[in-house]
Amino acid sequence: MSETGPVTYDFTLAEPRWQTAWADARAFSAPDVPEPGRPKCYVLEMFPYPSGQLHMGHVRNYALGDVVARYKRAQGFQVLHPMGWDAFGLPAENAARERGVHPGTWTMDNIAAMRTTLKQLGFSFDWDREIATCLPEYYGKQQKLFVDMYRAGLVERRQSAVNWDPVDNTVLANEQVVDGRGWRSGALIEKKLLSQWFLAITKFAGPLRDALATLDRWPERVRIMQERWIGRSEGARVRFPLVSPPEPFDADLDAVEVYTTRPDTLFGMSFVAIAADHPLAQKVGVRNPDAQAFIEECRRLGTSEEAIEAAEKRGFDTGLRVANPFDPERQSPVWIANFVLSEYGTGAVFGCPCGDQRDLDFARKYGLPVPVVVLPQGEDAETFTIGATATTGAGTLINSGFLDGLATTDGKRAAIERLEAMGVGRGVVNWRLRDWGVSRQRYWGCPIPFVHCESCGVVPVPDDQLPVVLPEDVRFDRPGNPLDHHPTWKHVACPQCGAAAVRETDTFDTFVDSSWYFARFTAPHADAPTVPAAANGWLPVDQYIGGVEHAILHLLYARFFTRAMAETGHFAVEEPFAGLFTQGMVTHESYRDQSGWLYPDEIERRADGAFRRDTGAVVEIGRSEKMSKSRRNTVSPVAIIERFGADTARWFVLSDSPPERDMEWTEAGVAAAARFGQRLYRVVTAVAASPSVSDDGTISPAAEALLRATHRTIAAVTSALDDMTPNVAVARLHELTSSLAEAERAEGAGLDAARREAARTLCLLVAPMMPHLAEDMLALIEPGGPMAVARPWPKAEEKWLAVTQVTLGVQVGGKLRGTIEVAPDSPAETVLSLAEAAVAHAIDGRRIVKRVHVPNRIVNFVVAG
RNA sequence: GCGAGCUUGGCGGAAUGGUAGACGCACGAGACUUAAAAUCUCGAGUUCGAAUGAACGUGCGGGUUCGAGUCCCGCAGCUCGCACCA
């Protein structure tokens, strides 16, 4: 320690200085197309919604991505690391309604504020590639993509139900419907049919599912979630003819078609159940007021309280009957049932109570027959009966005509063959995945580029008339979609016939915007949506990082869009994200007293509790949970940067918790991070301050120890960063810092050189995490040298990794009883005799039954008795 | 109900089947200081013991192994996701 007192690092000066230096050097700009011969790495974090301010979750997400980007750059990769804004969405319209700000103004102001924070954090983004989805240069290209997909047959228009708020006269998103009522008006929400746009994601259901197996750098659980969401099943569609349908029935309603995965159990059929929305149910409802009442009840319950009603399976007997195709003598009733989903399969099922628990519950409740057709393994056909539990597993088919004696799996195949031969059914593959409805009746979104013409129908806006730009002059003073209300915007000439026509006033679901932004980043300013050479060169994203909440929708939509863009010739890539990392949340304790929740700023946290800063009163401490405004357990990144600097914030979010797990934000933790930064700075700059010593090439034990520590740390930090465990890297860097501090108090030949090497190495290893501090220290150690961002990653040298001595644990009967020091790879006899001597007291004269020697690891003596 | 994950000191966490608890926080002792802060050094799983040391110890119960936090079987608790998918 110098006489002049502690040296301190002033981040308020250093951080802006290095940010400017990096920008001036264009240190993070990526080539348009990666140069051949050098590896590329596309690092991407999920881009933020510009809500107004960055939160700690963002800091964690982007700090992690920045470590990867900076590390890969140092390893010689050409790195693409862009940033942009998911800038369309409802909050902007809400702000407009509540505060009279234009959504565009609100959004761009928010972007400006958040961009400032990101820049202050020193993330190594290529800012020249910044995009915002709300700008016509982005969403116009999206319109082009949509028209291309329309021409390729990937876009469809069809009727679909929306949540309609009859008081506000507006369409609500699902999350705006709370307990079946509008969040704002409180009105009972109605289902209303509108003609809407759909992307044919189901056309890719097979490939999207199959390719999951190739995504080996994705978390297993995300792949499982997607697989279940896509939901492939194999079964059969079977037509059951209605037995003597009553007179006014249409010809096309003379049968009920069901989807089943268990055609093998057709002989066990007890009833057919149809959804309340099924055309046949509608038909019955017209003639039968009781049926109509039941149907309406089903619809009401359908919206929200399904969780409560889930247990209650209810049905209504229509009085209609169908014949079993395998045995026309056997007839079964047709029920309308609240548990049948109209959107899945055919909206109708056949019930086989003995083989399906839900069917069994239903049959028991309404006294329907329970024919036994599946005999479980080990049961006797004479004595086996069904009680309260159905036989859902495999078994042998009985009472099933031509299927008797077959195993259920073989019976399934045989039943399908017979159905197909008879022409009453066929084997099909069914998917749970539905097409993606992208229409939103909103202003602040990308206009859907179509025109409705009375004579030409639906006409895409021609390429030379794109983009269809959102009008600026809109009013939010009445409910509904301002685009629809606009006096002139929607009135245009038909692009095809020139007659007066009307624009589509719906805009895209904002998930569309985020389904291709990663591709746009590869050529963000191109006139076309992509430049194939750039996209093919950079894609796929090598490491994508974001929250697990996007495990299904965003990631599935992006995977679909990638395939659709490939099919429409925008590039030749099938999967957008080769590597995916889902990071955990940032949590914090919450505090409350009689007056309600308190911000962390308002309390003082001590070992013995939490106290109000103003009154000193005791405050109740709640458990640590996700930071949220409602609990006021938030910490503002802006305030943290001001107080501690960007590097401290970054270091802290990378320390301790492995990134896939939740991390707890604590004051003590940030303080520790800040303290370490200062300590590191003192230790490293002490090396810079000490006079250079000439050296004759000899290396004292102290110097050797430091060199070994240095190179061990290089190896450890490298593998930690490869494994995405920056918390482990942090621990190893703490250790090397301590080793260097220790070496400063030592003396010996070669120590000066060793210390300089250790200090320089520390700078480089720390740089991905605390880049400003690293630059500052490096500039002091090697004035005039290149910046850290321009230097290669240090290389661990073998000669310093080799160990000269190993400590072996010596066990007796598997319990540690001592340790010995030996040269590596010492002969077994030497090791064993040393070891035996070391634990003689524990062996205590007992006979050694077995000697286990694992070279350089452990010795274990198994003793008798 | 189905699926996934997690469970290690007072706390966050570390640990290719081989010395459990690295690193950090909080805590304690000491140095420096008139004092405090800052900084530095040292200590510490629990229990017993003055101590060399011993017993116990990675949610619980079994198993494999010379050796299990790690592998296998069963169970519990917590978290998340999906939830009548025929």
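Heads up, residue numbers simply count up from 1 along the chain you see.
Heads up, the Cβ atoms here are built off N, Cα and C, so glycines get one too.
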Per TrEMBL, the range holding motif ''HIGH' region', considering A:48-58, A:114-124, A:653-663: A:48-58
Correct range for motif ''KMSKS' region' (source TrEMBL, candidates A:1-5, A:296-300, A:461-465, A:626-630): A:626-630
Overall pLDDT for the domain 'Methionyl/Valyl/Leucyl/Isoleucyl-tRNA synthetase anticodon-binding' (A:705-831), taken as the rounded mean: 93
Sequence-remote partners of the domain 'Aminoacyl-tRNA synthetase class Ia' (A:623-665) [C-beta within less than 8 Å, at least six residues beyond its ends]: 11-12, 15, 53-60, 63-64, 66-67, 117, 120-122, 219, 581-591, 597-601, 672-674, 676-677, 724-727, 729-730, 769-773
